Amino acid sequence: MRMMVAGGGTGGHVFPGIALAEEVVTRHPANDVVFVGTARGLEASVVPAAGFPIELIEVKGLKGKGLVGALLNLLLLPRAFLQSWRILRRWRPDVVVGVGGYASGPVVLTAWAMRIPTAVQEQNAIAGLTNRLLGRVVKAAFTAFPEAARHFAPRKVYQLGNPIRRRLMENYMRPESAHGAPRLLVFGGSQGAHALNMRVIEALPHLADLRERIQITHQTGARDREYVEKGYRACGFTPDVREFIDDMSAAYAGCDLVVCRAGATTLAELTVCKKPSILVPFPAAADNHQVKNARSLVDAGAAVMIEERDLTGEVLAREIRDILDAPERRERMARAAGRLGSPQAAKEIADVCMELVRRRWGSPFGQAREPGQKPARPPDLAS
């Protein structure tokens, strides 16, 4: 089976696509996956680093661009559809999965017109504009939150969760080693780390009596690292401060409480590794979807949510203290998070995709082609 994964822009779209691709290629040596995205998106660097080929099209978003910006970006669509058609003709995928982001629109629509089975994977509680539009033509809509189902026809919805990359999953499932002092993990994700960094430093004076009894790992991003380190030192704390955490699975395994944003991929990781959390949704997220994402964990008893407009150092310190000082509450929150986890999401989504392929092509392996056959890239593909 050959799968094409279209879309990207941010890690929240790209990483679930990579997780699905990893599941597909490990199932059978003849399976392969190709991605389609844009040169400006995170996928342009992350996908090749993960070992998958990627094709690039030229397309820009319409939402939030203003009238003139939207009209200018609309002019790119005919070219994007032509590029998508060329890519689909060359790669001959058996199924195309859109993972959100504006790059997925032309590819999935062109695949639908070519009678190739199509699906979308929606990571958030509120479906993005592109996925909402594509939902009218695709065969399946894979969702992670019950709230997202309302954007798609009921017969198309498969609520299976967000896929998590295989290497991370293997580490999450390792038994934890025993430890003593409570451990706190803080990170802001790819967007919106600054405000969270500032409020954590403001919280430290209110946690001064815990500085000898708490271990902190804090991912700051490049902009704030020096300021955050100085803030910790001024209050007598000795944390592990990093610009970027390379191995998030180890960071999760080594903590008792997480303070973070409420992106869909982050929440999928928190639930699979069963970690209590204090969630501060990114207020600029499209359609305020991070608040809706966070609410699903809060309602289940797995997390506490503080909206950024209400976030102060004192409020954050109080929530951290209340949870770290209550081992039984942490355990209840951990169990609640685990009940929301979807460790089999990638496998189950791949199962449905293979069934779509079987229905269309008469075999779960798709169209007849030479084993391992991949098209050569023409020099004018992006032109």
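Even glycines carry a Cβ here, placed using N, Cα and C.
Sequence-distant neighbours of ILE245 (UDP-N-acetyl-alpha-D-glucosamine binding site) (same chain, six or more apart, CB under 8 Å from its CB) are PHE187, THR217, GLN219, ALA251, listed in sequence order. Look at Swiss-Prot and you will find THR10, GLY11, GLY12, ASN124, ARG165, SER190, ILE245, GLN290 tagged as UDP-N-acetyl-alpha-D-glucosamine binding site.
What Swiss-Prot lists as region 'Disordered' is 364-383.
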Exercise. Taking the binding-site residues one at a time (THR10, ASN124, GLN290), which has its Cβ surrounded by the most other Cβ atoms within 10 Å?
Worked result: GLN290
Problem set entry | CB contacts for GLY12 (UDP-N-acetyl-alpha-D-glucosamine binding site) [other CB atoms within 10 A, all chains] | 28
Exercise. Helix, strand or coil: which one is GLY11 (UDP-N-acetyl-alpha-D-glucosamine binding site) in, per DSSP?
Worked result: helix
